[in-house]
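Below is one structure; the comments refer to it alone.
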Amino acid sequence: MASSEEDGSGNGSVEEKENGKKRSLGALATAWLIFYNIAMTAGWLVLGIAMARFYIQRGTHRGLFRSVQKILKFFQTFALLEVVHCAVGIVHTSVLVTGVQVSSRIFMVWFIAHSIKQIQNEESVILFLVVWTVTEITRYSFYTFNLLNHLPYFIKWARYNFFIILYPAGVAGELLTIYAALPYVKKTGMYSLRLPNKYNVSFDYYYFLIIVMFSYIPLFPQLYLHMLRQRRKVLHGEVIVEKDD
Amino acid sequence: MEGTALPLEGGGLEGLTLRRPPPPGKKAKKAVLFFEVEILDAKTREKLCFLDKVEPQATIAEIKNLFTKTHPQWYPARQSLRLEPKGRSLKDEDVLQSLPVGTTATFYFRDLGAQISWVTVFLTEYAGPLLIYLLFYFRVPFLYGPRYDFTASRHAVVHLACACHSFHYIKRLLETLFVHRFSHGTMPLRNIFKNCTYYWGFAAWMAYYINHPLYTPPAYGDEQVKLALAVFLFCQLGNFSIHVALRNLRPAGSKTRKIPYPTRNPFTWLFLLVSCPNYTYEVGSWIGFTIMTQCLPVALFSLVGFVQMAIWAQGKHRSYLREFRDYPPLRSPIVPFLL
């Protein structure tokens, strides 16, 4: 699930849980997070503008990925830091959830779009790129304003409403892209290890990708419903009785 | 998976005074103070059950049985009764009058969900790998290509590996039936799906490669296999010795907890250095099996198992330290001096 929508607390210094209590961060941590979130907002804005310019100037999406890939790779890979933020505790989100989110993005960027060049001009790539751009600009500016304690309602609204459309759209873009890549993976046998070998193990990237695609089926609804619950809690102040495990 | 028993709760009698006079018109020779018990839902605080005339010597187990009568869907194994809504579960052996409650005791109830017995889970999760591995060993149809159906491997180590793997799981099954004394009777039902997926999945993955027609035997040949077999057998014996020692710590039917100490059996001397030598030996067995088969999936299984057992060992170690003031300070949870 590459939409990177985590639970309500995110990067803000303001806790969005039931009590709305502020958790105090050190000044250094706050400064760093503000810088980080501003930088990421800017980065994805630049990416969005680059994509728009390309399309306006060329009138086609062919070659768009190649032209923006450096910016994309830089900022998306930089997002690995978010896992560190959680691990160190300056962001109050689970390391596991963030890890999964960021990993799925890294996977799409490096192990699909970058490695399988033949699919770079697919429309589905543009679809998930646009979705990611809008999502990330919204998300990072949300965190930035939160940290500065001046959150405009429309940003909060955007963060908790855009995903309703963007999330399924992004999933569609990703799945279609992986599907398009399958024939090339099968033909080249890339990233695969065959028997016999001295480690007595084999790996078939083609079947691995098929498993990845199927894994969206249990994962996507859970994440989507989680975001819907967060939305109800944050925007409508509903008190949700959590199911005890 | 593992049960961590909690320290016993409750103090002594809290100076309860006999408030109820004997029933009028009757000459009571001995005034028995009955308790009343009310059971509330821990989340909603709804009153679920009210029991009166409860014996002061009644145990939590008996109260659970009484509660089941009014709510038959909540059999005792799935009841968690506590003194506070978010407090610790009371133990079945706790006696009513020894708890810090007044003559009307209030317990909070939490549904633990459908339960399944530990023995059932262990037998299922261990029988799977035993059978699954054999399916691959005998190259049953549809696992490998048709020309390999029911053929045998030409490598001696493959036959040895099958013997070791099968021995390991038969040992586990027998220990479950005859050796282990469980702290808890049941665990949540969903655990059986989780556990079986883990054990059966890894067993199939390992067995597929070890018994594959294109299997590559260990690089250092017989030397490697002999060393691996020695490590494996040593650790199997060690693991069994620890299981027996732990069993002997606890009389039949009891749930007492004592510090385990080395016995005359040299394999138990690892207790001097480690709280959970059974886990240490278990990891050792799998390392031996990895070296024997030189198979990456086996190495991964060993690693995952080690991580899980290290977590359990640390938990167990900490609860030993909490429970016993005189716990030997030299011991580490699972790896001597290190972890």
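These residue numbers are counts, starting from 1, taken along the chain as shown.
Using the three backbone atoms N, Cα and C, a Cβ is placed for every residue, glycine included.
Worth saying up front: this structure is predicted, and the values here are computed from it rather than measured.
TrEMBL annotations:
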- B:35-111: domain 'TECR-like N-terminal' (DOMAIN)
- B:186-339: domain '3-oxo-5-alpha-steroid 4-dehydrogenase C-terminal' (DOMAIN)
- B:1-24: region 'Disordered' (REGION)
- B:116-138: transmembrane segment (TRANSMEM)
- B:197-215: transmembrane segment (TRANSMEM)
- B:227-246: transmembrane segment (TRANSMEM)
- B:266-281: transmembrane segment (TRANSMEM)
- B:287-312: transmembrane segment (TRANSMEM)
**Q.** Close approaches to the transmembrane segment (B:197-215) from elsewhere in its chain (Cβ under 8 angstroms; 6 or more beyond its ends)
**A.** 125-126, 128-129, 132-133, 135-137, 139, 143-145, 148, 151, 153, 155, 158, 161-162, 165, 293, 295-298, 301, 304
Q | Structural state census, the domain 'TECR-like N-terminal' (B:35-111) (DSSP three-state) | A | 17 helix, 30 strand, 30 coil
Q) In the same chain, which residue numbers or ranges, 6 or more beyond the ends of the transmembrane segment (B:116-138), come under 8 angstroms Cβ to Cβ? A) 3, 150, 158, 162, 165-166, 169-170, 172-173, 176-177, 180, 182, 184-189, 191-192, 195-196, 198-200, 202-204, 206-208, 210-211
